[in-house]
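Report on the structure given below.
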Amino acid sequence: MPRPRLLAALCGALLCAPSLLVALDICSKNPCHNGGLCEEISQEVRGDVFPSYTCTCLKGYAGNHCETKCVEPLGLENGNIANSQIAASSVRVTFLGLQHWVPELARLNRAGMVNAWTPSSNDDNPWIQVNLLRRMWVTGVVTQGASRLASHEYLKAFKVAYSLNGHEFDFIHDVNKKHKEFVGNWNKNAVHVNLFETPVEAQYVRLYPTSCHTACTLRFELLGCELNGCANPLGLKNNSIPDKQITASSSYKTWGLHLFSWNPSYARLDKQGNFNAWVAGSYGNDQWLQVDLGSSKEVTGIITQGARNFGSVQFVASYKVAYSNDSANWTEYQDPRTGSSKIFPGNWDNHSHKKNLFETPILARYVRILPVAWHNRIALRLELLGC
């Protein structure tokens, strides 16, 4: 029989049977990162790089080999998760029907007089749900209460369920295989973080209050990351992409003055100042903004944002994406279901972020945004995501 090192090389090239690879004691040189626990699985093939073992990750890590730190806020607080993605079993209505404590208010640190979700007092099994629109790793939840007429209201305990289709839900379990009850809050404002023992793969996440103080009032955030781990900012916001690599079809000049130009190099997410975005010089579907990434990269998504011009709100409401490796031959991103150019939903105001992830990542050096619809003028700030 070949020596173990040679056998390992052969197995990597030829996909050995599980029983053969187990003989190598693959877990002896732990292939799991970040403290992950390697466990052999006899007579099973997991289907990725190695058969016959699996990695159990520490809290806050995910991936086949626990290679990804996975505790990013998923978008409730910053608005990346839209109101339409948040639902609940019921809503409390107070103050003569004028105050509605609806689920879309349940965003961490939201301010205001009515700033959280509360279920109806008649709801015997309340829940609030987030639709992430795609499968993601979910690794934890941050909860917070709120107040009504100076009364502290919060969840003291809750359960978490998750689903891939929005119909069949599984609860997170404890070591005794029972539905795990997570510790909640102790006052109206303090935040409490619960990290799951293992990440869950989910598109839908539900919180079920089980014990509450005064009322089951909630603001919260989900923690996790993308399944493929390739959704990092590529350098627009942090300026690692130089100005000269951001170009456009045209640029608007307020009052026709060069001093008041809305240059393509300003199209950086969250850029501040009086002139803080790219604005096209004319209206029409022939306008575009182009980013040169410097080399071919895997691009998995985009975050867009509008801007304000002397009080006038302006943004791109929908757009297409084109990509190229030579800046001469362009391909428009296709909707995998229809086979036609995909139109992505854009923004609805001048400041919120709108994230769109590609179902099929693209490999390209040059990326163009092609506005389809807009409010007032074509105005854009953005970040590209990938690795």
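Backbone N, Cα and C atoms are what each Cβ position is placed from, and that goes for glycine too.
Marked as disulfide bond by Swiss-Prot: CYS27-CYS38 (among others). Under DSSP, CYS27 (disulfide bond) is assigned to a helix (H, G or I) in the three-state scheme.
In sequence order, PRO31, CYS32, HIS33, GLY36, LEU37, CYS38, GLU39, ASN64, HIS65, CYS66 make up the list of same-chain residues 6 or more apart from CYS55 (disulfide bond) whose Cβ falls under 8 Å from its Cβ. Under the DSSP three-state reduction, CYS55 (disulfide bond) is assigned to strand. Summarising the annotation, Swiss-Prot assigns disulfide bond to CYS32-CYS55 (among others).
Annotation source Swiss-Prot lists disulfide bond at CYS57-CYS66 (among others). The local packing around CYS66 (disulfide bond), expressed as other Cβ atoms within 10 Å of its Cβ over all shown chains, amounts to 23. CYS66 (disulfide bond) falls outside any helix or strand according to DSSP and counts as coil.
Among the features that Swiss-Prot reports, disulfide bond is placed at CYS70-CYS225 (among others). CYS70 (disulfide bond) counts 25 other C-beta atoms within 10 Å of its own C-beta, drawing on all protein chains shown.
Long-range neighbours of CYS212 (disulfide bond) (same chain, six or more residues apart, CB within less than 8 Å of its CB): GLU153, TYR154, LEU155, LYS156. In this structure, CYS212 (disulfide bond) is part of a beta strand by DSSP. According to Swiss-Prot, the feature disulfide bond maps to CYS212-CYS216 (among others), an assignment based on similarity to another entry.
According to Swiss-Prot, the disulfide bond annotation covers CYS230-CYS387 (among others). With a 10 A radius on its CB, CYS387 (disulfide bond) counts 13 other CB atoms from all the protein chains.
What Swiss-Prot records for 70-225 is domain 'F5/8 type C 1'.
If you take every residue in the domain 'F5/8 type C 2' (230-387) and average the pLDDT, you get 93. Among the features that Swiss-Prot reports, domain 'F5/8 type C 2' is placed at 230-387, with the record citing sequence analysis.
The N-linked glycosylation site annotation in Swiss-Prot covers ASN228 (among others). Counted within 10 Å of its Cβ, the other Cβ atoms near ASN228 (N-linked glycosylation site) come to 14, all protein chains included.
Marked as N-linked glycosylation site by Swiss-Prot on the basis of experimental evidence: ASN238 (among others). Taking the Cβ of ASN238 (N-linked glycosylation site) as reference, no residue of its chain lies under 8 Å away while being at least six apart in sequence.
Here ASN325 (N-linked glycosylation site) comes close to SER296, LEU363, ALA364, ARG365, TYR366: these same-chain residues lie at least six apart in sequence, with C-beta atoms under 8 angstroms from its C-beta. Look at ASN325 (N-linked glycosylation site): DSSP puts it in coil. Look at Swiss-Prot and you will find ASN325 (among others) tagged as N-linked glycosylation site, backed by experimental evidence.
There are 8 other CB atoms within 10 A of the CB of ASN329 (N-linked glycosylation site), with all protein chains counted. Annotation comment: Swiss-Prot describes ASN329 (among others) as N-linked glycosylation site, evidence class experimental evidence.
Sequence annotations record features per position, and here Swiss-Prot assigns N-linked glycosylation site to ASN350 (among others) based on experimental evidence. Taking a C-beta cut-off of under 8 angstroms and a sequence separation of 6 or more, ASN350 (N-linked glycosylation site) has the following same-chain neighbours: GLN305, GLY306, ALA307, ARG308, VAL313, GLN314, PHE315, ALA379.
According to Swiss-Prot, the phosphoserine annotation covers SER42.
Taken from Swiss-Prot, the feature signal peptide covers 1-23.
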Residues satisfying Cβ distance under 8 Å from CYS230 (disulfide bond), sequence separation of at least 6: GLU298, THR300, PRO361, GLY386, CYS387
Intrachain C-beta neighbours of CYS216 (disulfide bond), sequence separation six or more, cut-off 8 angstroms: THR118, PRO119, PRO126, GLU153, LEU155, PRO209
Cα-Cα distance linking CYS70 (disulfide bond) and CYS57 (disulfide bond), given in Å to the nearest integer: 11
Residue from CYS27, CYS70, ASN329 whose C-alpha is spatially nearest that of ASN228 (N-linked glycosylation site), among the recorded positions: CYS70
